[in-house]
Amino acid sequence: MGEKIIIFDTTLRDGEQALQASLTTKKKLKIALSLEEMGIDIIEAGFPISSPGDFKSVETISKEFKSSIICSLARCVEKDIDIAAEAMRFAKHFRIHIFLGTSPLHVKSKLKKNFSEIIDMAIFAIKKAKRYTBDIEFSCEDAGRTPINQLCYIVENVIKAGATTINIPDTVGFTIPYEFNQIIKSLYNKVPNIDKVILSVHCHNGLGMATANSITAIQAGARQIEXTMNGMGERAGNTALEEVIIAIKLKKNNLNLHTNIKHKKIYKTRKLISEICNTVIPSNKAIIGTNAFSHSSGIHQDGILKNRKNYEIITPKSIGLKPIKLNLTSRSGRAAVKYHMTEMGYDEKLYKLDILYNSFLKLADRKGQVFDYELESLAFIDQKENTTEHFRLKKFNVQHQSTGITISSIELYCGKKIKTANTRTKKGLVNSIYITLNKITNLPIYLKNIQLITQKKPINIIISIKVQIEYKKRQFYGIGNSKDIVESTAQAMIHILNNIWKANKVNILLKNIKT
(Lines of atoms letter the chains of each structure in order from A and count residues from 1; the text may use other names and numbers.)
(Lines give C-alpha, C1' and ligand atoms only; values in the text may rest on other atoms or scores of the structure.)
Protein backbone atom coordinates (compact mmCIF):
# COMPACT_ATOMS: atom_id res chain seq x y z
CA MET A 1 0.00 0.00 0.00
CA GLY A 2 2.89 2.38 0.71
CA GLU A 3 2.85 5.70 2.51
CA LYS A 4 -0.31 7.74 2.91
CA ILE A 5 -0.79 11.06 1.13
CA ILE A 6 -2.75 13.50 3.30
CA ILE A 7 -5.53 15.22 1.37
CA PHE A 8 -6.13 18.84 2.38
CA ASP A 9 -9.24 20.41 0.88
CA THR A 10 -9.55 24.18 0.54
CA THR A 11 -12.76 24.36 -1.51
CA LEU A 12 -14.47 26.40 1.22
CA ARG A 13 -11.62 28.90 1.43
CA ASP A 14 -9.51 29.13 -1.72
CA GLY A 15 -12.27 27.72 -3.92
CA GLU A 16 -14.91 30.09 -2.59
CA GLN A 17 -12.68 33.08 -3.42
CA ALA A 18 -13.49 32.45 -7.08
CA LEU A 19 -17.24 32.88 -6.55
CA GLN A 20 -19.02 36.17 -7.15
CA ALA A 21 -20.93 35.87 -3.88
CA SER A 22 -19.97 34.23 -0.58
CA LEU A 23 -21.70 31.02 0.42
CA THR A 24 -24.04 30.98 3.39
CA THR A 25 -23.09 29.09 6.54
CA LYS A 26 -25.77 26.50 5.79
CA LYS A 27 -24.36 25.84 2.31
CA LYS A 28 -20.77 25.69 3.59
CA LEU A 29 -21.77 23.17 6.25
CA LYS A 30 -23.46 21.00 3.64
CA ILE A 31 -20.29 20.99 1.51
CA ALA A 32 -18.04 20.41 4.54
CA LEU A 33 -20.01 17.36 5.68
CA SER A 34 -19.96 15.93 2.15
CA LEU A 35 -16.17 16.37 2.04
CA GLU A 36 -15.86 14.66 5.42
CA GLU A 37 -18.04 11.79 4.20
CA MET A 38 -15.70 11.45 1.21
CA GLY A 39 -12.78 10.91 3.59
CA ILE A 40 -10.91 14.22 3.30
CA ASP A 41 -8.25 14.40 6.03
CA ILE A 42 -8.09 18.16 6.58
CA ILE A 43 -10.71 20.71 5.55
CA GLU A 44 -9.84 24.41 5.45
CA ALA A 45 -13.23 25.87 6.35
CA GLY A 46 -12.42 29.55 5.92
CA PHE A 47 -10.51 32.69 6.84
CA PRO A 48 -12.32 33.80 10.05
CA ILE A 49 -10.78 37.29 10.30
CA SER A 50 -12.03 38.16 6.80
CA SER A 51 -15.71 38.52 7.72
CA PRO A 52 -18.29 37.71 10.42
CA GLY A 53 -19.88 35.29 7.96
CA ASP A 54 -16.65 33.34 7.54
CA PHE A 55 -16.16 33.26 11.32
CA LYS A 56 -19.66 31.88 11.82
CA SER A 57 -19.16 29.24 9.12
CA VAL A 58 -15.91 27.99 10.64
CA GLU A 59 -17.46 27.98 14.11
CA THR A 60 -20.52 26.04 12.93
CA ILE A 61 -18.50 23.48 10.98
CA SER A 62 -16.10 22.95 13.90
CA LYS A 63 -19.01 21.70 16.02
CA GLU A 64 -20.05 19.08 13.46
CA PHE A 65 -16.86 17.33 12.34
CA LYS A 66 -16.33 13.80 13.61
CA SER A 67 -13.33 12.58 11.61
CA SER A 68 -11.88 15.37 9.45
CA ILE A 69 -9.56 17.96 11.00
CA ILE A 70 -10.83 21.52 10.63
CA CYS A 71 -8.37 24.22 9.61
CA SER A 72 -8.52 28.03 9.47
CA LEU A 73 -6.33 30.46 7.57
CA ALA A 74 -4.52 33.33 9.30
CA ARG A 75 -1.95 35.93 8.32
CA CYS A 76 1.13 36.47 10.47
CA VAL A 77 -0.95 38.87 12.52
CA GLU A 78 -1.74 38.33 16.19
CA LYS A 79 -5.45 39.13 15.87
CA ASP A 80 -5.84 36.80 12.88
CA ILE A 81 -4.48 33.91 14.93
CA ASP A 82 -6.64 34.71 17.97
CA ILE A 83 -9.79 34.88 15.83
CA ALA A 84 -8.90 31.67 13.96
CA ALA A 85 -8.48 29.79 17.23
CA GLU A 86 -11.68 31.25 18.67
CA ALA A 87 -13.69 30.19 15.62
CA MET A 88 -12.50 26.59 16.03
CA ARG A 89 -12.77 26.40 19.84
CA PHE A 90 -15.50 23.72 19.68
CA ALA A 91 -13.42 21.34 17.53
CA LYS A 92 -11.88 18.20 19.02
CA HIS A 93 -8.73 18.88 16.99
CA PHE A 94 -7.92 21.87 14.82
CA ARG A 95 -5.14 23.30 12.70
CA ILE A 96 -4.09 26.94 12.30
CA HIS A 97 -2.75 27.67 8.83
CA ILE A 98 -0.44 30.69 8.76
CA PHE A 99 0.80 32.16 5.49
CA LEU A 100 3.35 34.79 4.49
CA GLY A 101 4.81 35.88 1.16
CA THR A 102 8.43 34.79 0.72
CA SER A 103 9.31 35.68 -2.88
CA PRO A 104 11.33 38.89 -3.45
CA LEU A 105 8.32 40.33 -5.28
CA HIS A 106 5.95 39.70 -2.38
CA VAL A 107 8.45 40.73 0.29
CA LYS A 108 9.32 44.07 -1.33
CA SER A 109 6.28 45.20 -3.30
CA LYS A 110 3.42 43.66 -1.33
CA LEU A 111 4.64 43.51 2.26
CA LYS A 112 7.15 46.41 2.07
CA LYS A 113 9.60 44.46 4.26
CA ASN A 114 13.04 42.94 4.03
CA PHE A 115 13.68 39.19 4.26
CA SER A 116 14.96 39.36 7.84
CA GLU A 117 11.70 41.00 8.94
CA ILE A 118 9.74 38.26 7.18
CA ILE A 119 11.59 35.60 9.19
CA ASP A 120 10.78 37.42 12.44
CA MET A 121 7.09 37.76 11.51
CA ALA A 122 6.82 34.05 10.72
CA ILE A 123 8.50 32.94 13.94
CA PHE A 124 6.33 35.27 16.04
CA ALA A 125 3.13 34.00 14.40
CA ILE A 126 4.01 30.34 14.89
CA LYS A 127 4.86 30.83 18.56
CA LYS A 128 1.57 32.67 18.99
CA ALA A 129 -0.37 29.83 17.33
CA LYS A 130 1.36 27.27 19.58
CA ARG A 131 -0.58 28.70 22.52
CA TYR A 132 -3.74 27.26 20.96
CA THR A 133 -2.68 24.08 19.15
CA UNK A 134 0.26 21.84 18.30
CA ASP A 135 -1.02 21.46 14.73
CA ILE A 136 0.42 24.44 12.85
CA GLU A 137 0.86 24.77 9.12
CA PHE A 138 3.06 27.45 7.61
CA SER A 139 2.76 28.43 3.94
CA CYS A 140 5.54 30.15 2.05
CA GLU A 141 3.31 32.13 -0.29
CA ASP A 142 4.71 32.36 -3.83
CA ALA A 143 7.30 29.69 -3.03
CA GLY A 144 7.51 28.90 -6.75
CA ARG A 145 9.22 32.27 -7.32
CA THR A 146 11.30 32.28 -4.13
CA PRO A 147 15.07 31.69 -4.55
CA ILE A 148 15.77 28.20 -3.23
CA ASN A 149 18.34 29.26 -0.61
CA GLN A 150 15.93 31.82 0.87
CA LEU A 151 13.13 29.25 0.81
CA CYS A 152 15.29 26.69 2.61
CA TYR A 153 16.33 29.26 5.22
CA ILE A 154 12.80 30.32 6.13
CA VAL A 155 11.58 26.71 6.18
CA GLU A 156 14.36 25.71 8.57
CA ASN A 157 13.52 28.61 10.90
CA VAL A 158 9.76 28.07 10.99
CA ILE A 159 10.31 24.38 11.77
CA LYS A 160 12.50 25.42 14.70
CA ALA A 161 9.71 27.76 15.83
CA GLY A 162 7.21 24.89 15.96
CA ALA A 163 5.49 24.49 12.58
CA THR A 164 4.41 20.88 12.00
CA THR A 165 3.42 21.13 8.32
CA ILE A 166 5.29 23.20 5.75
CA ASN A 167 3.32 24.12 2.68
CA ILE A 168 5.02 25.02 -0.61
CA PRO A 169 2.53 26.88 -2.81
CA ASP A 170 3.01 27.57 -6.49
CA THR A 171 0.72 30.54 -5.91
CA VAL A 172 0.51 31.82 -9.47
CA GLY A 173 0.99 28.50 -11.27
CA PHE A 174 4.37 29.60 -12.59
CA THR A 175 6.44 26.42 -12.33
CA ILE A 176 6.54 23.38 -14.58
CA PRO A 177 6.82 19.81 -13.18
CA TYR A 178 10.61 19.49 -13.44
CA GLU A 179 11.15 22.80 -11.63
CA PHE A 180 8.65 22.00 -8.89
CA ASN A 181 10.14 18.55 -8.39
CA GLN A 182 13.58 20.15 -7.93
CA ILE A 183 12.22 22.61 -5.35
CA ILE A 184 10.84 19.76 -3.21
CA LYS A 185 14.03 17.71 -3.58
CA SER A 186 16.16 20.72 -2.64
CA LEU A 187 14.17 21.24 0.56
CA TYR A 188 14.77 17.61 1.54
CA ASN A 189 18.47 17.88 0.70
CA LYS A 190 19.23 21.30 2.20
CA VAL A 191 16.94 21.75 5.23
CA PRO A 192 18.47 19.79 8.14
CA ASN A 193 15.26 19.52 10.20
CA ILE A 194 12.86 18.79 7.31
CA ASP A 195 12.27 15.27 8.68
CA LYS A 196 10.38 16.78 11.64
CA VAL A 197 7.47 18.01 9.47
CA ILE A 198 5.02 17.00 6.78
CA LEU A 199 5.88 18.72 3.51
CA SER A 200 2.78 19.92 1.67
CA VAL A 201 2.14 21.42 -1.77
CA HIS A 202 -0.54 23.82 -2.97
CA CYS A 203 -0.49 24.28 -6.74
CA HIS A 204 -2.41 26.72 -8.89
CA ASN A 205 -3.28 26.07 -12.51
CA GLY A 206 -1.83 29.16 -14.20
CA LEU A 207 -0.08 27.08 -16.86
CA GLY A 208 -2.49 24.16 -16.66
CA MET A 209 -0.01 22.07 -14.66
CA ALA A 210 -1.44 22.05 -11.14
CA THR A 211 -2.18 18.32 -11.09
CA ALA A 212 1.13 17.41 -12.75
CA ASN A 213 3.06 19.59 -10.29
CA SER A 214 1.26 18.00 -7.34
CA ILE A 215 2.07 14.49 -8.53
CA THR A 216 5.72 15.28 -9.22
CA ALA A 217 5.93 16.83 -5.73
CA ILE A 218 4.81 13.64 -3.99
CA GLN A 219 7.29 11.71 -6.12
CA ALA A 220 9.95 14.01 -4.66
CA GLY A 221 8.78 13.42 -1.08
CA ALA A 222 5.84 15.73 -0.31
CA ARG A 223 3.19 13.95 1.74
CA GLN A 224 0.27 16.37 1.69
CA ILE A 225 -1.59 17.73 -1.33
CA GLU A 226 -3.79 20.82 -1.05
CA UNK A 227 -6.49 21.48 -3.57
CA THR A 228 -10.16 21.98 -4.29
CA MET A 229 -12.95 19.83 -5.66
CA ASN A 230 -13.63 20.54 -9.34
CA GLY A 231 -10.39 22.61 -9.41
CA MET A 232 -12.24 25.68 -8.11
CA GLY A 233 -10.13 28.71 -7.28
CA GLU A 234 -9.02 32.17 -8.24
CA ARG A 235 -7.72 32.90 -11.74
CA ALA A 236 -7.18 29.53 -13.48
CA GLY A 237 -8.07 27.56 -10.36
CA ASN A 238 -6.33 25.10 -8.06
CA THR A 239 -5.25 21.50 -8.27
CA ALA A 240 -8.40 19.44 -8.82
CA LEU A 241 -8.54 17.02 -5.91
CA GLU A 242 -10.47 14.40 -7.87
CA GLU A 243 -7.64 14.29 -10.42
CA VAL A 244 -4.79 13.73 -7.96
CA ILE A 245 -6.85 11.26 -5.92
CA ILE A 246 -7.61 9.09 -8.95
CA ALA A 247 -4.06 9.46 -10.31
CA ILE A 248 -2.67 8.15 -7.01
CA LYS A 249 -5.19 5.29 -7.05
CA LEU A 250 -4.39 4.27 -10.63
CA LYS A 251 -0.62 4.63 -10.22
CA LYS A 252 -0.40 3.17 -6.70
CA ASN A 253 2.04 0.46 -7.78
CA ASN A 254 4.39 2.97 -9.43
CA LEU A 255 4.10 5.61 -6.70
CA ASN A 256 3.81 3.19 -3.76
CA LEU A 257 1.42 5.71 -2.18
CA HIS A 258 -2.25 5.82 -1.23
CA THR A 259 -5.00 8.08 0.15
CA ASN A 260 -7.88 7.32 2.50
CA ILE A 261 -10.46 8.81 0.14
CA LYS A 262 -13.71 6.97 -0.55
CA HIS A 263 -13.55 7.17 -4.33
CA LYS A 264 -17.20 6.27 -4.88
CA LYS A 265 -18.21 9.48 -3.10
CA ILE A 266 -16.35 11.69 -5.61
CA TYR A 267 -19.16 12.27 -8.11
CA LYS A 268 -21.78 12.90 -5.43
CA THR A 269 -19.53 15.54 -3.84
CA ARG A 270 -18.65 17.08 -7.21
CA LYS A 271 -22.33 17.40 -8.09
CA LEU A 272 -23.27 18.92 -4.73
CA ILE A 273 -20.50 21.54 -4.89
CA SER A 274 -21.29 22.42 -8.51
CA GLU A 275 -24.98 22.92 -7.68
CA ILE A 276 -24.43 24.90 -4.47
CA CYS A 277 -21.75 27.14 -6.01
CA ASN A 278 -23.66 27.46 -9.31
CA THR A 279 -20.53 26.60 -11.29
CA VAL A 280 -20.51 24.81 -14.63
CA ILE A 281 -18.06 21.93 -14.96
CA PRO A 282 -16.52 21.80 -18.46
CA SER A 283 -17.85 18.75 -20.29
CA ASN A 284 -14.30 17.58 -21.04
CA LYS A 285 -13.10 17.97 -17.43
CA ALA A 286 -10.98 14.97 -16.40
CA ILE A 287 -12.70 12.41 -14.14
CA ILE A 288 -15.91 14.39 -13.48
CA GLY A 289 -16.88 16.07 -16.78
CA THR A 290 -20.07 14.91 -18.49
CA ASN A 291 -17.97 13.65 -21.42
CA ALA A 292 -15.37 11.88 -19.27
CA PHE A 293 -16.99 8.52 -20.05
CA SER A 294 -18.62 9.42 -23.37
CA HIS A 295 -17.63 7.81 -26.66
CA SER A 296 -19.00 8.99 -30.01
CA SER A 297 -16.57 7.55 -32.56
CA GLY A 298 -17.88 4.37 -34.14
CA ILE A 299 -14.50 2.67 -33.74
CA HIS A 300 -14.30 3.64 -30.07
CA GLN A 301 -17.90 2.58 -29.42
CA ASP A 302 -17.25 -0.82 -30.99
CA GLY A 303 -14.17 -1.19 -28.77
CA ILE A 304 -16.12 -0.16 -25.66
CA LEU A 305 -18.88 -2.68 -26.39
CA LYS A 306 -16.28 -5.43 -26.58
CA ASN A 307 -14.39 -4.34 -23.46
CA ARG A 308 -14.72 -0.97 -21.71
CA LYS A 309 -11.03 -1.10 -20.77
CA ASN A 310 -10.20 -0.53 -24.44
CA TYR A 311 -10.95 3.19 -24.00
CA GLU A 312 -11.59 3.77 -20.27
CA ILE A 313 -8.87 3.86 -17.61
CA ILE A 314 -11.42 3.98 -14.78
CA THR A 315 -15.04 2.92 -14.59
CA PRO A 316 -17.91 5.33 -13.91
CA LYS A 317 -18.79 3.12 -10.93
CA SER A 318 -15.38 3.79 -9.33
CA ILE A 319 -16.34 7.46 -8.73
CA GLY A 320 -19.97 6.77 -7.87
CA LEU A 321 -21.60 7.04 -11.29
CA LYS A 322 -24.02 4.61 -12.87
CA PRO A 323 -22.86 2.93 -16.10
CA ILE A 324 -23.02 5.47 -18.92
CA LYS A 325 -24.57 4.66 -22.28
CA LEU A 326 -22.83 5.40 -25.54
CA ASN A 327 -23.74 8.69 -27.22
CA LEU A 328 -25.44 8.18 -30.56
CA THR A 329 -24.09 10.59 -33.19
CA SER A 330 -23.42 10.52 -36.91
CA ARG A 331 -20.07 8.90 -36.09
CA SER A 332 -21.74 5.90 -34.40
CA GLY A 333 -21.75 2.57 -36.19
CA ARG A 334 -24.37 -0.16 -36.54
CA ALA A 335 -23.03 -1.92 -33.44
CA ALA A 336 -23.87 1.09 -31.24
CA VAL A 337 -27.37 1.43 -32.71
CA LYS A 338 -28.04 -2.28 -32.19
CA TYR A 339 -26.65 -2.06 -28.64
CA HIS A 340 -29.03 0.78 -27.74
CA MET A 341 -32.02 -1.09 -29.15
CA THR A 342 -31.03 -4.22 -27.21
CA GLU A 343 -30.59 -2.17 -24.01
CA MET A 344 -34.15 -0.87 -24.47
CA GLY A 345 -35.34 -4.48 -24.71
CA TYR A 346 -36.01 -4.69 -28.45
CA ASP A 347 -35.27 -7.95 -30.25
CA GLU A 348 -33.70 -7.47 -33.69
CA LYS A 349 -36.61 -9.41 -35.19
CA LEU A 350 -38.88 -6.44 -34.41
CA TYR A 351 -37.02 -4.03 -36.70
CA LYS A 352 -34.67 -3.95 -39.69
CA LEU A 353 -31.23 -2.78 -38.58
CA ASP A 354 -30.06 -1.55 -42.01
CA ILE A 355 -33.18 0.55 -42.56
CA LEU A 356 -33.05 1.88 -39.00
CA TYR A 357 -29.35 2.72 -39.33
CA ASN A 358 -29.89 4.72 -42.54
CA SER A 359 -32.75 6.68 -40.94
CA PHE A 360 -30.64 7.22 -37.85
CA LEU A 361 -27.73 8.67 -39.87
CA LYS A 362 -30.02 11.18 -41.59
CA LEU A 363 -31.40 12.35 -38.24
CA ALA A 364 -27.95 12.43 -36.62
CA ASP A 365 -26.51 14.50 -39.48
CA ARG A 366 -29.34 16.98 -39.02
CA LYS A 367 -29.45 17.34 -35.21
CA GLY A 368 -26.28 15.84 -33.70
CA GLN A 369 -26.93 13.54 -30.74
CA VAL A 370 -29.83 11.11 -31.10
CA PHE A 371 -31.58 9.91 -27.95
CA ASP A 372 -33.03 6.46 -27.29
CA TYR A 373 -36.63 7.59 -27.62
CA GLU A 374 -35.84 9.10 -31.03
CA LEU A 375 -34.18 5.85 -32.09
CA GLU A 376 -37.24 3.76 -31.21
CA SER A 377 -39.48 6.23 -33.06
CA LEU A 378 -37.35 5.74 -36.17
CA ALA A 379 -37.61 1.99 -35.72
CA PHE A 380 -41.36 1.67 -35.20
CA ILE A 381 -43.13 4.77 -36.57
CA ASP A 382 -43.28 5.43 -40.31
CA GLN A 383 -41.42 8.43 -41.73
CA LYS A 384 -44.51 10.55 -42.35
CA GLU A 385 -45.76 10.21 -38.79
CA ASN A 386 -42.25 10.66 -37.43
CA THR A 387 -41.93 14.08 -39.02
CA THR A 388 -45.44 15.16 -38.02
CA GLU A 389 -45.63 17.35 -34.95
CA HIS A 390 -48.63 16.45 -32.79
CA PHE A 391 -48.11 19.54 -30.61
CA ARG A 392 -47.59 22.94 -32.24
CA LEU A 393 -47.53 26.40 -30.71
CA LYS A 394 -50.38 28.57 -32.02
CA LYS A 395 -50.19 31.59 -29.76
CA PHE A 396 -48.63 32.56 -26.45
CA ASN A 397 -48.57 35.58 -24.15
CA VAL A 398 -46.41 35.89 -21.05
CA GLN A 399 -46.32 38.94 -18.78
CA HIS A 400 -44.10 39.40 -15.75
CA GLN A 401 -45.46 41.94 -13.26
CA SER A 402 -43.50 44.10 -10.82
CA THR A 403 -45.24 42.21 -7.98
CA GLY A 404 -43.30 39.10 -9.00
CA ILE A 405 -46.31 37.37 -10.52
CA THR A 406 -46.00 35.90 -14.03
CA ILE A 407 -49.17 35.50 -16.10
CA SER A 408 -48.99 33.16 -19.08
CA SER A 409 -51.52 32.14 -21.71
CA ILE A 410 -50.81 29.47 -24.33
CA GLU A 411 -52.84 28.17 -27.28
CA LEU A 412 -51.54 24.81 -28.48
CA TYR A 413 -52.40 22.62 -31.46
CA CYS A 414 -52.92 19.10 -30.10
CA GLY A 415 -53.37 17.11 -33.28
CA LYS A 416 -56.35 18.75 -34.99
CA LYS A 417 -57.65 20.33 -31.80
CA ILE A 418 -56.64 23.63 -30.22
CA LYS A 419 -56.36 23.75 -26.44
CA THR A 420 -55.80 26.77 -24.20
CA ALA A 421 -54.60 27.25 -20.61
CA ASN A 422 -53.68 30.18 -18.36
CA THR A 423 -51.37 30.39 -15.35
CA ARG A 424 -50.57 32.88 -12.59
CA THR A 425 -47.44 32.03 -10.62
CA LYS A 426 -44.59 33.55 -8.63
CA LYS A 427 -42.17 30.90 -9.90
CA GLY A 428 -40.85 32.90 -12.87
CA LEU A 429 -41.10 32.87 -16.66
CA VAL A 430 -39.78 29.38 -17.33
CA ASN A 431 -41.94 27.70 -14.71
CA SER A 432 -45.03 29.59 -15.89
CA ILE A 433 -44.61 28.08 -19.38
CA TYR A 434 -43.95 24.62 -17.94
CA ILE A 435 -47.04 24.79 -15.69
CA THR A 436 -49.27 26.06 -18.51
CA LEU A 437 -48.17 23.33 -20.95
CA ASN A 438 -48.64 20.78 -18.18
CA LYS A 439 -52.23 21.94 -17.76
CA ILE A 440 -52.92 21.58 -21.49
CA THR A 441 -51.36 18.14 -21.99
CA ASN A 442 -52.16 16.70 -18.55
CA LEU A 443 -48.98 14.62 -18.75
CA PRO A 444 -47.04 13.75 -15.56
CA ILE A 445 -43.93 15.66 -16.60
CA TYR A 446 -41.32 17.12 -14.26
CA LEU A 447 -38.89 19.91 -15.14
CA LYS A 448 -35.42 18.62 -14.20
CA ASN A 449 -32.99 21.07 -15.76
CA ILE A 450 -32.82 24.13 -17.98
CA GLN A 451 -29.78 25.71 -19.63
CA LEU A 452 -29.57 29.05 -21.43
CA ILE A 453 -27.05 29.64 -24.22
CA THR A 454 -26.81 32.89 -26.21
CA GLN A 455 -25.53 32.83 -29.78
CA LYS A 456 -24.33 36.10 -31.27
CA LYS A 457 -25.30 36.43 -34.92
CA PRO A 458 -24.14 39.29 -37.20
CA ILE A 459 -27.28 41.31 -36.43
CA ASN A 460 -29.25 39.56 -33.71
CA ILE A 461 -28.68 37.56 -30.56
CA ILE A 462 -30.30 34.12 -30.70
CA ILE A 463 -31.24 32.59 -27.37
CA SER A 464 -31.00 28.80 -27.17
CA ILE A 465 -32.77 27.04 -24.34
CA LYS A 466 -31.99 23.41 -23.50
CA VAL A 467 -34.57 21.67 -21.31
CA GLN A 468 -34.57 18.31 -19.56
CA ILE A 469 -37.90 16.80 -18.48
CA GLU A 470 -38.66 13.55 -16.70
CA TYR A 471 -41.66 11.52 -17.82
CA LYS A 472 -42.42 8.11 -16.29
CA LYS A 473 -38.82 7.84 -14.97
CA ARG A 474 -37.43 8.53 -18.45
CA GLN A 475 -35.38 11.59 -19.40
CA PHE A 476 -36.38 13.68 -22.42
CA TYR A 477 -34.39 16.58 -23.88
CA GLY A 478 -35.47 19.51 -26.02
CA ILE A 479 -33.97 22.66 -27.50
CA GLY A 480 -35.55 25.91 -28.65
CA ASN A 481 -34.01 28.80 -30.59
CA SER A 482 -35.44 32.30 -30.82
CA LYS A 483 -34.65 35.97 -30.22
CA ASP A 484 -37.14 35.73 -27.34
CA ILE A 485 -36.35 33.68 -24.21
CA VAL A 486 -40.02 32.84 -23.63
CA GLU A 487 -40.51 31.54 -27.16
CA SER A 488 -37.24 29.54 -26.96
CA THR A 489 -38.42 27.91 -23.74
CA ALA A 490 -41.84 27.08 -25.19
CA GLN A 491 -40.23 25.59 -28.32
CA ALA A 492 -37.89 23.40 -26.24
CA MET A 493 -40.73 22.07 -24.12
CA ILE A 494 -43.00 21.44 -27.10
CA HIS A 495 -40.12 19.58 -28.77
CA ILE A 496 -40.06 17.31 -25.72
CA LEU A 497 -43.85 16.90 -25.67
CA ASN A 498 -43.75 15.69 -29.28
CA ASN A 499 -41.09 13.13 -28.41
CA ILE A 500 -43.17 11.95 -25.44
CA TRP A 501 -46.19 11.62 -27.75
CA LYS A 502 -44.13 9.47 -30.15
CA ALA A 503 -42.78 7.35 -27.28
CA ASN A 504 -46.33 6.67 -26.11
CA LYS A 505 -47.34 5.81 -29.68
CA VAL A 506 -44.47 3.29 -29.88
CA ASN A 507 -45.67 1.66 -26.65
CA ILE A 508 -49.19 1.30 -28.05
CA LEU A 509 -47.90 -0.14 -31.35
CA LEU A 510 -45.71 -2.70 -29.58
CA LYS A 511 -48.55 -3.75 -27.27
CA ASN A 512 -50.71 -4.39 -30.34
CA ILE A 513 -47.91 -6.46 -31.92
CA LYS A 514 -47.57 -8.60 -28.79
CA THR A 515 -51.32 -9.18 -28.52
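Keep in mind that glycine also has a Cβ here, set from the backbone N, Cα and C atoms.
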Which of Asp9, Asp14, Asp41 shares the Mn(2+) site with His202, His204, Asn238 in Swiss-Prot? The record says Asp14
For Asp14 (Mn(2+) binding site), the three-state DSSP class is helix
The correct DSSP tally for the region 'Regulatory domain' (392-515) reads 43 helix, 59 strand, 22 coil
Cβ neighbour count (10 Å, all chains) around His204 (Mn(2+) binding site) is 26
